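What TrEMBL says about this one:
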COMPBIAS  19-41  compositional bias 'Basic residues'
COMPBIAS  61-86  compositional bias 'Low complexity'
DOMAIN    743-832  domain 'Smr'
REGION    1-93  region 'Disordered'
REPEAT    228-262  repeat 'PPR'
REPEAT    263-298  repeat 'PPR'
REPEAT    299-333  repeat 'PPR'
REPEAT    334-368  repeat 'PPR'
REPEAT    369-403  repeat 'PPR'
REPEAT    404-438  repeat 'PPR'
REPEAT    439-473  repeat 'PPR'
REPEAT    474-508  repeat 'PPR'
REPEAT    509-543  repeat 'PPR'
REPEAT    633-667  repeat 'PPR'
Amino acid sequence: MASSTPPPLTTTKPYQNHHLPHHHNHQTHPHNHRQSVHHHQWTSLKKPPPRHAAKPPPGPTTTTTTTTSTSTNPNFPSLSSLPPSTKSDLSADFSGRRSTRFVSKLHFGRPKTAFGSRHTSSAEEALHLAIRHRSDDNNSSHIDSLLLNFQHKLSGTDDYTFLLRELGNRGEYSMAMRCFEFAVRRERRRNEQGKLASTMISVLGRLGKVDLARKVFDTAVVEGYGNTVYAYSALISAYAKSGCCDEAIKVFETMKSCNLKPNLVTYNALIDACGKGGAGFDLASEIFDEMLGNGVQPDRITFNSLLAVCSGAGLWETARNLFSEMVYRGIEQDIYTYNTLLDAACSGGQMDVAFEIMSEMPTKHILPNEVTYSIMIRGCAKAGRLDKALSLFNEMKFAGINLDRVSYNTLLAIYASLGRFEEALSVGNEMESMGIKKDVVTYNALLDGYGKQGKYDKVKELFSEMKAERLSPNLLTYSTLISVYSKGGLYKEAMEVYNEFKQKGLKADVVFYSKLIDALCKKGLVESSALLLDEMTEKGIQPNVVTYNSIINAFGQSATGECPDGIIESLVQSSPSVFFQEENDEDDSIIKIFEELAAESSCHSKQDNRIGQEISCILGVFQKMHNLRIKPNVVTFSAILNACSRCNSFEEASMLLEELRLFDNQVYGVAHGLLMGQRENVWMQALSLFDEVKQMDSSTASAFYNALTDMLWHFGQRQGAQLVVLEGKQRHVWENTWSDSCLDLHLMSSGAARAMVHAWLLNIRSVVFEGQELPKLLSILTGWGKHSKVVGDGTLKRAIETLLVGMGAPFRVAQCNIGRFTSTGALVTAWLRELETLKVLILHDDRKHTGIGTLELRPPFQTIPL
């Protein structure tokens, strides 16, 4: 399970206070490196930070480099205040092709470290003419004649490297290549040619033209001016920016075999490759260790790159310890440091800590920018704190920070997910009025939002509009549409979209399969989902923990009559060589599944048999997780507990619990102990577990409490379920759970909600018998059942209505809100004073066991292959 919450970073003023002086410093101060290599302890998630670095100093120790701002609000940098080249880069980065996380890792405002910063005015004039007179057909041949005219005015390598960088900033890589070839032919000195090659490789790497960068490098090596540390470092960096970690490491090893000693730039680029290539923190840590062992001291970029690795992997604890190490070494932090630290906190579900980090930034004279807010807003949206996300948008506008493309798309996605489409479309209109056209990300958000609300006609209309705007649907577009149609039972439409997807020549990835598997799981089609899991593995696509969680969580859910008879048999009988071929649609397993589902065949197999088949599938899924070393998370544990609560018998649940023990003995011990009535023996362990769960984001924590209480309620451990929900209430797992007049259940599962109703009514009864008067109106809120086929007829509402009727409680459905039960205080008071009421309110466990034992009904564990 997760480790405990780290101590918050030093905070003295809330981040809303934007009246601090903004320091404009464009020189990087030398770092105060220590002579001895500091023994770092941040590589392990379970280890605490170094004792001397456990708490950062209360104030900044060095002057922080920040971005100059000349916007209307002098305290905040804006797009209008950036240099033209930087603005061009920034607008391109927010074009929808790159995520907020990626853009947060760019070092805007950092002094350029490439060669040749002493260019002449002639170079600027040549650049201006090159951009001004470029051909409409993007033919860059005019640069040749321009360079011939300026060759006597340009001052050697300094001017040419300036041209290369600036042309690259504008995306004009063809002109940059012609300029490079012209300059190399003109230059005779090997070291100057090497500088030009290194600059050109860096430019191409930044533009994602890594294959072209490799050709420049290979040519430079063959011709005798590329065998330098700088050229190798530039190529490593190019591979890093494209996420090609393996290639970057190969270049690194070749470099060392050529007796070239890596420098700080080399190591920084290699660590960056680990982050962008998803190589994991262990490899980045090994590189860092080698770096220290070779006497190369880290700088801010080193730590920022390490933080980026943690951010991508959601390693919050390691990121926090890295930050402490950075402070201890006297290395200054910049806006990138804090943005990446925030991203790591948000990725790790530590939103409260993220807000504390954000509040520290002004005290270090580092003010939040559009990337900071985008990270926080996305984090809040992911954690389900949508109201907070919307308030951050308002705060961002009030602070004078311009919303960028990513911010607009995130805001639009939030409104769409809430079903507030008028506001979502209004955001889209405002976005276009600001000169930012709707892109694929915008349409994907709208398609997903309308799809979740079941507005399929609007989904089709938007998809047609998107193509009419000449926006090419991407992999996420198709996976979203297939998921939307599948969840809505529109299998014919889903099959049509899938056929179009194949015609486009796109290749399915883990997100595509995960969305499709999740859609089938939502329909209760566990076996079909498990077969697709096999297929993606056969194709070399590594499933992630989310994919497995969907299948586990689907166990026991009703297939709503849409499980086609014979679909599993027909697919299983297909030979593997046929099953995984893509050339023939007749042999495509996804097409087969959709065709069977679209045929609207009824499922004639008995429920008991289907559950038995599903258990076999789920056990096979568990085995695959073990074989592939997929690390489960708390969502996996919740899924297993949910699956237990859908079992028809205690014996079936025991097999799933055995898997839980193999994954995490602590969670198993608590779940098993409470299920067996061993509360006295396991309650302290349960409290420790609840402490860890509380450190996670609210949606994850509430899901775990819901799953645990549902399982306990399902197997008759009603008093145990009530104790668990009361612990959850005390720890504020569910926001605004109850007051004297209202009980809010809409974030709870049916088991947790029913246990909470009993607890709330007992609490009100104590108020009545203390002689206090109840409010005139009492309410129980269950939500509107937005995900139900009939609005207001959700599972939770039906469960609570049945419970209230069974107890004889005087609550009735409100006329103005069909998801709300109301009663007058007088009626409830009279009912609570009845002698029989107390008996129906007090919950009991079906089994109690004071001794320490094991699950007596647990059968021997065996794995059944799919």
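Glycine is treated like the rest: Cβ placed from N, Cα and C.
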* Asked: Taking residues 6+ outside the repeat 'PPR' (439-473), which of them lie with a CB under 8 Å of any CB in it?
  -> 95-96, 405, 408-409, 412-413, 415-417, 419, 421, 424, 428, 431, 480-481, 483-485, 487-488, 490, 493, 504, 786
* Asked: Going by DSSP, how much of the repeat 'PPR' (263-298) is helix, how much is strand and how much is coil, in residues?
  -> 27 helix, 0 strand, 9 coil
* Could you count the residues of the repeat 'PPR' (509-543) that DSSP puts in helix, in strand and in coil? -> 26 helix, 0 strand, 9 coil
* Same-chain Cβ contacts of the repeat 'PPR' (263-298) under 8 Å, 6 or more residues past its ends? -> 31, 33, 37, 40, 43, 105, 113, 229-230, 232-233, 236-237, 239-246, 248-249, 252, 255, 305-306, 308-313, 315, 318, 329, 331
* Structure fact -> Confidence over the repeat 'PPR' (474-508), expressed as mean pLDDT on the 0 to 100 scale, is 86
